[in-house]
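Taken verbatim from Swiss-Prot:
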- 1-12: compositional bias 'Basic and acidic residues' (COMPBIAS)
- 1-31: region 'Disordered' (REGION)
- 83, 110, 114: Fe cation 1 binding site (BINDING)
- 114: Fe cation 2 binding site (BINDING)
């Protein structure tokens, strides 16, 4: 009769096989390890490669995807905050416009995160990660004034649009035309929203 393995023996075999005992990502809650590492010693990650990218190319592309993911989430939150904060004669116009702009950029959040996963990475989106990677800052204070809001958003959108164009070129040079093409599309959307807000800001009644 074959002797059944004990739990301790099973655990020993698990350790020898390299499969972690601490969950699918192999990290303990609150531990020092980060779930963003593409090469954690887990069964799942052992099956993941960077598709057609070399390691250096992947690092370049992954860096842009993580930064742009954090930036887009922050931009979404900023539009929402200003949507709630706005007061005055332009309340209804901007209150509704901000939600329309959010609807245009929101899909790119999931698209960028899933693109990173498809290439063998793991997106970070905790509050601390947003603060670390995002190029857009969400104000902690209440901002009621329409011109202050719009001018701030125009400045952010100008920077984000340029970032997408720069990152598109970087990804193209890193042998990833797919991500580069994604960024070109996002840049066009950001440019359109910036143009619309700039047109609103040019209205003298905004003061």
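Just so it is clear, glycine is given a Cβ too, placed from its N, Cα and C backbone atoms.
These figures come from a predicted structure and were not determined experimentally.
Sequence features annotated in Swiss-Prot and their locations in the structure.
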residue: 83; record: Fe cation 1 binding site; Cβ contacts under 8 Å, 6 or more apart: 94, 95, 98, 99, 102
residue: 110; record: Fe cation 1 binding site; Cβ contacts under 8 Å, 6 or more apart: none
residue: 114; record: Fe cation 1 binding site; Cβ contacts under 8 Å, 6 or more apart: none
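When secondary structure is read from DSSP and collapsed to three states, residue 110 (Fe cation 1 binding site) falls in the helix class.
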